[in-house]
Amino acid sequence: REWGLPGSPPTHPAISRFLPSSRNGLEENYCRNPDQDKRGPWCYTVDPNIRHQSCGIKKCEDAVCMTCNGEEYRGTVDHTESGTECQRWDLQHPHKGGLDDNYCRNPDSSERPWCYTTDPGREREYCRIRLSEKRPRPRNVTTSCFRGKGEGYRGRVNVTVSGIPCQRWDAQMPHRHHFTPDKYLCK
């Protein structure tokens, strides 16, 4: 970060990619991490004696937040929205499970993380986990073919293999479904 004084031309060749623009997120005076510092977002300070400093922003897993619909959430929330304790995933009573510990997870691409409950009268319930402001870009984005299971496919094919036109994702006719754009922001 010793690339010259403010207002002087950059003395480091990589600095040009960190200059403010609509593409790199270095607007105003917000904390950012343009050099991938392991401590996270930082900024230059207005204190002449302190050039730059970490901003102390918590990692999402520490701050108990998730991105998208929480399929990759690995935090330690272990109670449902109503406050019911989650059942361990590896126990079969009162409900069948399949993962470890009793943390909220989203193993089936539901709307958000959930867990089996310890309440015999309520099999499963969603968990209250804050949504991160940062939305990751889809991995393995393709347009003419798909990789893996096709989660990153963003092409424009809109008919099935037998030629039937596809229903819009934001429509509920003729088929009702829960995969609506507002609930699956990253799909």
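Placed from the backbone N, Cα and C atoms, the Cβ positions cover glycine too.
Automatic prediction, not curation, is the source of TrEMBL annotations.
Keep in mind that what you see is a predicted model, and the values were worked out from it rather than measured.
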Per TrEMBL, the range holding region 'Disordered', considering 1-20, 61-80, 101-120, 141-160: 1-20
Segment-level pLDDT (mean, integer) for the domain 'Kringle' (144-187): 75
Tertiary neighbours of Cys104 (disulfide bond) (same chain, Cβ under 8 Å, six or more apart): Gly70, Tyr73, Gly75, Val77, Asp78, Thr80, Cys86, Pro113, Trp114, Cys115, Cys127, Ile129
